[in-house]
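Peer 1: I have a structure I would like to understand better, so I am pasting it below and will then ask my questions one at a time.
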């Protein structure tokens, strides 16, 4: 499943919140989502299970929970309005779904920035098979 996320982000001309989320991550962390976050820990990338491995992985867990509350929204592909100015991400006006998706992405990107000091290369391409602990609830 995670492979689908990376393919989606790499496709030329891809639009939607996955690409927008990638831009937010780059803005906040100065790192590309691929390869730094696409397969990180148990929750960064598509899907997730087990327990978050560290603060970075917890940002992705919380992001998954945020998207989980938006089950009726098209979280992966809905294009929303936002701006990157003066060091801040600001979500713009749109439908309720688009505004909420943007907020989920903004909060996660800011969380990843705050967690940069705890980023561990050992979790960069972490195999799903090592995420066997019982999952936390949102």
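We count from 1, first residue shown onward.
Cβ from N, Cα, C; glycine included.
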Peer 1: For the Ca(2+) site that Swiss-Prot assigns to 43, 45, 47, which of 54, 64 is also named?
Peer 2: 64
Peer 1: So of all those recorded positions, 23, 76, 91, which one's Cα sits nearest to residue 17 (site 'Responsible for the weak stability and toxicity')?
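Peer 2: Nearest listed residue in space: 76.
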Peer 1: Looking at the recorded positions 23, 34, 63, 65, which ones sit with their CA no more than 10 Å from the CA of residue 104 (disulfide bond)?
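Peer 2: Final answer, ordered: 63, 65.
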Peer 1: What three-state secondary structure does DSSP assign to residue 39 (site 'Putative interfacial binding surface (IBS)')?
Peer 2: coil
